[in-house]
Each structure stands twice: as structure tokens, then as C-alpha cells.
Amino acid sequence: MQSLVDKMRFLYKPYVLAVLTIGYIAGELGHYLIGVTSKATAIELDYGDHACQQNHTEVHRHLLPQQCAGIELEHECHGQHVNGTVYCEWNYNGLGLEYQLLAGPSFIAVFTVMGVVLGFAADRFNRVRMLSICTLVFAVAIVFQGTVKEYWQLILLRMVMAAGEAGCNPLATGIMSDIFPESKRALVMAIFNWGIYGGYGIAFPVGRYITKLDIWGQGWRICYFGTGVLALIMAILTGTTLKEPERKSIGEEASGKGKVSLVKALMQPRVILLMIAASIRHCGGMTFAYNADLYYNIYFPDVDLGWWLFAVTIGIGSIGVVIGGIVSDKFVAKMGIRSRVACLAISQLIATPFAFGSVYYEPLWAMITLGISYFFAEMWFGIVFAVLVEIVPLQVRSTTIGVFLFVMNNIGGNLPILVDPLAKAIGYRGSVMFFYAGFYGISTVLFFITMFFMDGPKPEPAVASDEHRNQVEMGHENNTFQPDDFINGIGGPKTNGHNIVNVRPSESSRL
């Protein structure tokens, strides 16, 4: 008779995915809260631009003689009224160069460097313990963000938060790749990386409505306290309930061939192209993430879109993430890795025109087009990393992910700082439209080009041994990357016909 532990063993893998994903959501919620609380934070901490804005007067904007957002002088702003009621105010709007620095570069600078460092460490030390420590670091930083009194303190704590959160992706990706089989890889990666959009989507109602409740007189600060406590709980669960999985090596390492260097793996044309395309797509996503709440508040101040934004990002975005992973996993078995990149290109192509609509139309159609765009656009993240782990050798997998994130976040995370200067030249709407929807379109072209550098379908072996089938079922086979790629050319004939899986002892004792 099986023990209860043995009967419940099948729940361990979903539990690992749940713990890793919720921890990631907490980190990303702390990351993106600033985009929603920025106006309240700027008023209290004294940073950013002043602008004319519609105040809380119950006047429909279509009935106003002049829109507040179009007024550039303070005295004209104070002079706007309807039947003697002033409807405009001159105050911090939460935007400006100081906000863009706070939201992007201050976070990205540390996040990208630490991502590479932790990626190297992940290939050598106990990843579960490292992830628990990283989660603890960003949890504490988020809690302390709720206590700041000065702008520079917020900058410093966001940098500390970035240092901790940098370990989430390379560490968790390595853990999941050793637990889940190839047949579920894209779906698992998509669910985990949905944590970015989960945290971002939850930030809308938390940042808007929890701030307005002014619980215990803490205003926007209570949002950070609650998020930090959730992250602390996940840090404890990660460190006490997860175990380090065995690392699996691929055939060329087991058969005595020299290890493929990190530089050689990164210098594959397909990796470089994938990195550039992902960076451009990431810029589009970050532009919308950092500016969505502020944009809709400025242009539609009398329409509360907080719950709509939450529903689109969490509901529709989640469906898109899951479907993208399932479709990618189904196609790759028949058409090879090239099919994953084809899914990327097609999904972004469909999403681009609807992304333009989300910042062009009035609120109703803006939300409708945003929902359609999100369904297709958010397929990308999990598929990108499913492709990446399949085209690089396992022994440098976490390091490669760290370097990939370093480049992607430095380009995609820092380019949105140009939204502010471009907005001063062509207007805020035009600037957001260019860096958001425009970069979706550019990434579409780049993903299509990248697709032709990927391998097509692999020939089916005539007879598969029981041992080989077991390896595939356990997710230990990774035969996509071959050193001969560098001899025969990408997609060329392979001279290495076999992959032998060698199981190394657990490295959990090294740390």
C-alpha cells in the first residue's frame, strides 16, 4: 500500500511552478507599482514634472470648454472653470525625466548586471538556496520602499530590489528545465514568465484603489508593505519546501567532448538575432507598462479604467500566455524550433495594429483593441525562453539566460526613457504610440528574420529505445544544440547522431 507521501508526489511539480510563479508575481508587483502610484509618490516626495490636470471636480471632460492636458501655463490652468467651478489644477503629474529614471534605468542598471552574475552562479551552486535569498532581498527592499522620505531613498531601494529580483528568471528557469519535460517546456516557461504580467496587471487595482483607501493613513505606502510581506512568505516557502533538482548534461559532455564555451554559444547568429528581436519587443512592453496608467489618466481623467486594465492584463493576457505555450509545444514536435519563432512572429504581427488602436481610440474601443492585442502579444515571453534553452548547451544554460536578460533589459528597459524627450516634441500620445506599438511592429520583422536561422523538424528515429523514451519523458534530453552547428553551419547536416544523457550528482552541497 502506497504511503500518502507517494500518492501526493505527483503534486510536487505543479507546487514548484506555483511557488516560483507567485514569488515572481510579488517581485514584479513591487517593480511596477511605481507606474501606478507615481503621481501620489511624486507629490509626497517632490520629484518630476508639473502639469495642468483635471481635478476631482465631477465634470465630464466632453463638456469642458478646454481640456486641462492641453494647457501649458500655470496661470491659465488656474483660470479654467465651468459655472464658477475650477476644474483644473497645477500639480505633479508623476511623469518627467526623474520618473523615467526611477522606473527604468535605476532598476535596469542593477538588474542586468546582477542577472549575469547570478546566472554564472546558478550553473555552479544550489539554485534553490540562491533563489530563496534573492526573494528575501527584494522582499525586504519592497517593504522599506513604503517607508521612504526622500526621492534618493526610493532610487536606492529600487536598486536593491533589482539586485534580488535579477536572480528570479535564471535561477527558476534552470530549476524548471531540470524538472519538466521538453513536451511541456514552452507552457511551463509561459506560465512562470506570466508573473511579469501578473504583477503588472495586479499593480493597477492595488496602486489605484488601495492608495485611495488610505489605510491607517499610509496612502500609497501600504501597497508596498503588503507586497513585501507576500514576497517574504514566498522566500520562506522557497527555502524550506523546495529541493534542488539533479542537473542533467547532454551528449557531447558525456561522450568526452570539450565543453562548448559560453562565448561560442552566444555568438550563434540565431541567438544574436533572437536577442535583438526580444530586446525591441521588450521595449514596447516596458513602454506600455511604465506609461499605461499615467497615459489613460491624462487623456481620460473622468473614466476609471483601473479594473479594465486589470482584467485585460490578467484575464486576457493569461489566456494568451497559456495558448501561446500550448500551440508552440504542439508545433515544435512536428516542425522543429523554427515553429516556435514562427509563433512569435505571427502573434506579434496580429497584435501590432490593435496595439496602435489601444492608444488611439476613446476608452471603450481602446480597451477592446488592448484586449485583442494583449491576447496575441503576451504569447512572446515564455516562447522566447523555451527557444533559448533549446539552442544553447545545458552546462551554460543559466549563464546564457543571465546574459540574454542583461542585453534584453538594457536595450528594452532603457529605451523607454526616450518617451519623455520625444513627448515634448510630438506629444505624449504620439511618443507612447511609437515606442509601444511601433516597436511591436519592428520586433515582428526581426522575429521573421530570426525564424530562418532556426532548425526545422528533426528526422524521426527509426526505433526509439526504452531508455531513450524514458529520458524524453523525464525531460532530460536536450539534443537541439550541437557543437557541429559551428562546423556545418546553422541548420546544416549533423555529424553527431546520438545524444547520451549523463546524470551528474546533485550539486546542492556546493553552497
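Heads up, the Cβ atoms here are built off N, Cα and C, so glycines get one too.
TrEMBL labels come from automatic prediction, so no person has curated them.
Annotation source TrEMBL lists domain 'Major facilitator superfamily (MFS) profile' at 16-455.
Residues 41, 102-103, 107, 131, 135, 138-139, 141-142, 145, 158, 161, 164-165, 168-169, 172, 175-176, 179-180, 188, 191-200, 202-203, 206-207, 223-224, 227-228, 230-231, 234-235, 237-238, 241-242, 289-290 of the same chain lie 6 or more positions beyond the ends of the transmembrane segment (12-34) yet place their CB under 8 Å from a CB of it. Annotated transmembrane segment per TrEMBL: 12-34 (among others), in sequence order.
Residues or ranges marked as transmembrane segment by TrEMBL: 99-121 (among others). Same-chain residues lying 6+ beyond the ends of the transmembrane segment (99-121) with a Cβ under 8 Å from its Cβ atoms: 31, 34-35, 38, 42, 47-49, 130, 134, 151, 154-155, 158-163, 165-167, 169-171, 286, 290, 398-403, 405-407, 409-410, 413-414, 416-417, 419-420.
According to TrEMBL, the transmembrane segment annotation covers 128-148 (among others).
As annotated by TrEMBL, transmembrane segment applies to 187-207 (among others). Residues 17, 20-33, 35-37, 168-169, 172-173, 176, 180, 220, 223, 226-227, 289, 293, 306-307, 309-310, 312-314, 317-318, 321-322, 324-326, 328-329, 378-379, 381-383, 385-386, 389 of the same chain, all 6+ positions outside the transmembrane segment (187-207), place their C-beta atoms under 8 angstroms from a C-beta of that stretch.
Counting only same-chain residues 6+ beyond the ends of the transmembrane segment (219-239), those with a CB under 8 A from a CB of the stretch are 19-20, 22-23, 26-27, 29-30, 33, 37, 40-41, 44, 128-129, 131-133, 135-136, 138-147, 206-207, 210-211, 213. According to TrEMBL, the feature transmembrane segment maps to 219-239 (among others).
Marked as transmembrane segment by TrEMBL: 305-327 (among others). For the transmembrane segment (305-327), same-chain residues at least 6 beyond its ends with a Cβ under 8 Å from one of its own Cβ atoms are 186-191, 193-194, 197-198, 200-202, 204-205, 208-209, 292-293, 296, 343, 347, 363, 367, 370-371, 374-383, 386.
Positions annotated as transmembrane segment by TrEMBL: 339-361 (among others).
Counting only same-chain residues 6+ beyond the ends of the transmembrane segment (367-389), those with a CB under 8 A from a CB of the stretch are 169, 173, 177, 185-194, 196-197, 271, 274, 278, 281, 285, 305, 308-309, 312-313, 316-317, 319-321, 323-325, 327-328, 337, 340-341, 343-344, 347-348, 350-352, 354-358, 361, 397, 400-401, 404, 440, 454, 478. Annotated transmembrane segment per TrEMBL: 367-389 (among others), in sequence order.
Per TrEMBL, transmembrane segment is recorded for 401-419 (among others). Same-chain neighbours of the transmembrane segment (401-419): 97, 100-101, 103-105, 107-108, 111-113, 115-120, 122, 166, 169-170, 173-174, 262, 266, 271, 275-276, 278-287, 290-291, 385, 388-389, 428, 431-432, 435, 439, counting only residues six or more beyond its ends whose CB sits under 8 Å from a CB of the stretch.
Packing against the transmembrane segment (431-453) from elsewhere in the chain are residues 269-270, 273-274, 276-278, 280-281, 283-284, 287-288, 291, 295, 338, 341-342, 344-345, 348-349, 351-352, 355-356, 358-360, 373, 377, 415-416, 418-420, 422-423, 425, 490-491: each is 6 or more residues past its ends and has a CB under 8 Å from a CB in it. Positions annotated as transmembrane segment by TrEMBL: 431-453 (among others).
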Confidence summary (mean pLDDT) of the domain 'Major facilitator superfamily (MFS) profile' (16-455): 86
